[in-house]
């Protein structure tokens, strides 16, 4: 069994981005990511701090806009509009979840696609579905693909199962795997017999937010397992969606939690931001 070490790979990517940023600075461009946080959700605050720290580590300027819980939808839209027209800002990220009175889809669509470094804008989704690399790809699925590539895992002809059908992970992940030549099944909360799909899979990607959802009796020998889940137990321990101790015994490759997909997600956010800054140079 080989651990897919996202932490080590993300550190390598950050070093490469440092060099790219030094080159851009020599051309008068400083990569810049604007992060908007609405409200005081503790988890969201932690995520925003980690993103700002990661930016600093590889020479990306970060602007954090922390708005109060009562910020109106129009006020948020006005801020995004200002950032859309600011040539010194290359990426705009709105930290989710948003308060109930703000329409998430409207907000995400208001970010200009050329600065949508999360890859959620309909234009970028369209590029992905057409198999084009013109836009930005969603960070978590992109991170998974980079991790698989780094370990020289050939996806062509593989039977892949994705558990979870969100627009953030499951759906774009399915498209990327299809584009790479895999045969893809997407399972979700209404799938009748999950094991029916997972037992025949060469590759399983779990992104459901459910502790121990994937157990060893549900997988075949030699399976490749990617655990996107992040769950905090009452003890404070962070675990994924996979019964790691048991499933790892049957796996050829598996990601740990933490230290697998999480660091790659942030690395891809940074990579997309630098890509946007480079686009400005071109």
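Heads up, residue numbers simply count up from 1 along the chain you see.
The backbone N, Cα and C atoms fix where each Cβ goes, glycine too.
The NADP(+) binding site annotation in Swiss-Prot covers 164, 165, 166, 189, 230.
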Chain-internal residues near residue 230 (NADP(+) binding site), provided their CB is under 8 angstroms and they sit 6+ positions away: 209, 238, 240, 257, 258, 262
Densest Cβ neighbourhood among 165, 189 (binding-site residues), 10 Å radius: 165
Number of other Cβ atoms within 10 Å of the Cβ of residue 164 (NADP(+) binding site) across all protein chains: 23
